């Protein structure tokens, strides 16, 4: 029987492609915006696009935030994607500062706007967002990223794979027990993304 | 390290690929879904679908094409053509597009860019800018470029560089820059304006218009030539002159960092 996954719909972007990719790697997907349903899930995928703000504040402070924490504390496999991973951490430095779910230690920061593409004085300024395919270490695989913010964690042992953009080295994936997160979009990362999702679905690992 | 992207583009009219796509093993050369799958398998970093239909029924057909293509590929999908208002963007994102390109509508109402970026996030909003070089007046040394709309048929009097900067400031996530002088010529990108825009704006720039060879792709992406973040091309891929994988190999061999081609290894459970 296929693994049943609750795909959390929290108004943080389009879910279709994540759903489609999960189905493609063999999951049975239930999309839900109901905290009660999420709280009883045996496996959760929590995607999000965009940034911390009023929408994430309502989520973190509300019933959905409580449901997500419950799944995580109970030990069921949990995967946060992009903003969904960032929300596992403590705070964001975005305008005014917003809280995350505070499951993991660290904060979310914006890429500095003055990074250069090389050491020469006339080297081009690096573009923000970090958008496109970057390799992760140590595997060397490529994934599709589209983000202006990244996680800075105080606990490097959380980090499974690293990615570098300009002078910033940031977590591409994190793992702690049953909790996983990826900064990239596995649903947009072709074979490498599908492999990543499949290993999560099959083993509750990444 | 961030790689440079190669983006094949399909022009869609009334739900069909214009001019057809000539690959081996493609049963229906005019079917956008088959063509999209072929590009995806060849290792395209992203796919672009442009609607060149003029009628309302054609628009509905295009949304359906977007939905069917999005259901078949696992790489980012950018769509554009005839996007006039927020409802169009919502419909296309709802159909599974990852990014929507706005062109003439943004020129008519620049604040549309901010409205869309606030609502959907900058990462989904591409501003497509069609430009044409102005004939230099006696005494003018630097080339000047103007923004044109409606497929290059109407001039706007807007300076191309200033408009790109304004679009970025209003929240665009990327600029899709097409030279109307070069489009369809197979002479290569207009490297001068591509480089200027890319150096000037803080967001990624996709070079478009004029590719006739793999060397043209390299020029567009070379930091000292076009300096673009991504290279878009249509006909060299459509007509089967080159595969995406060949393009990637060529670029890698010439020092442009690209995502290596990875052949499918049977990950898919369903067809």
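Heads up, the Cβ atoms here are built off N, Cα and C, so glycines get one too.
Values in this document were obtained by computation on a predicted structure and should not be read as measured data.
Copied from TrEMBL, the annotated features are:
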ACT_SITE  A:82  active site, nucleophile
ACT_SITE  A:185  active site
ACT_SITE  A:187  active site
DOMAIN    A:7-190  domain 'Glutamine amidotransferase'
When a 10 Å sphere is centred on the Cβ of residue A:187 (active site), how many other Cβ atoms does it contain? 29
Give me the long-range Cβ neighbours of residue A:185 (active site): same chain, 6+ apart, Cβ under 8 Å, in sequence order. A:81, A:82, A:143, A:144, A:145, A:146, A:193
Taken over the domain 'Glutamine amidotransferase' (A:7-190), the model's mean pLDDT: 93
